[in-house]
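See below for the structure under consideration.
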């Protein structure tokens, strides 16, 4: 399903979205902005929507069923389980302010590499994946309204695609086979040091609501209202 178009006052994330080349649609788990406080003003850089495969609900219910939104939001292990869960995730990052592809890729990968090296996890495979990631972004320039699309497969394949607006193409993208990078990109958004606390709160609230409705008989596919992020 195509996303509604971005306009000057808001970025809209529809209740469902189909990742490029995916067999099915995913539901909107949460959305929020990434920004920073500068001179007493909160400057918004991007709006981020995180979509989850329907299988996420029963998978997360085993451990997190019955938890409130506040309990989920305050527990880093919950977000880690979303990142590493055996279900597909789809992330749409829409620009509010302009940014070059090189700037975006450098910021994402420098944090990943620093963490991996500190944890003794950095290998030649990660080095190759990081270079491929940077090469994908190198020729890109993101004007306000352009989107970066990440599909995170449970097998550890990160697919990167781009859109000139907030729509999602039916196919296309570059696949990077590296589980650590696949998880790290989403971890950088909703992890313990994630860049979008607003998206984390939104995700915790929505998943808590869905888990409360989850039954052993399996509920219908989850639905959500569109989320509008003021730019």
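Even glycines carry a Cβ here, placed using N, Cα and C.
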Binding-site annotation, Swiss-Prot, substrate: partner of 46, 111 in 163, 166, 167, 188: 188
Least Cβ-crowded entry, counting other Cβ within 10 Å, from the binding-site residues listed as 46, 111: 111
Non-site residues, in chain order, whose CB comes within 8 A of the mean position of the CB atoms of 46, 111, 188 at substrate: 34, 107, 108, 185, 189, 194, 195
Assigned element (helix, strand, coil) containing residue 46 (substrate binding site), judged by DSSP: strand
Packing count at residue 188 (substrate binding site) (other Cβ atoms within 10 Å of its Cβ): 20
Nearest-integer angstrom distance between the alpha carbons (Cα) of residue 111 (substrate binding site) and residue 104 (site 'Important for catalytic activity'): 12
Spatial neighbours of residue 104 (site 'Important for catalytic activity') that are distant in sequence (at least 6 apart) but have CB under 8 A: 137, 140, 142, 148
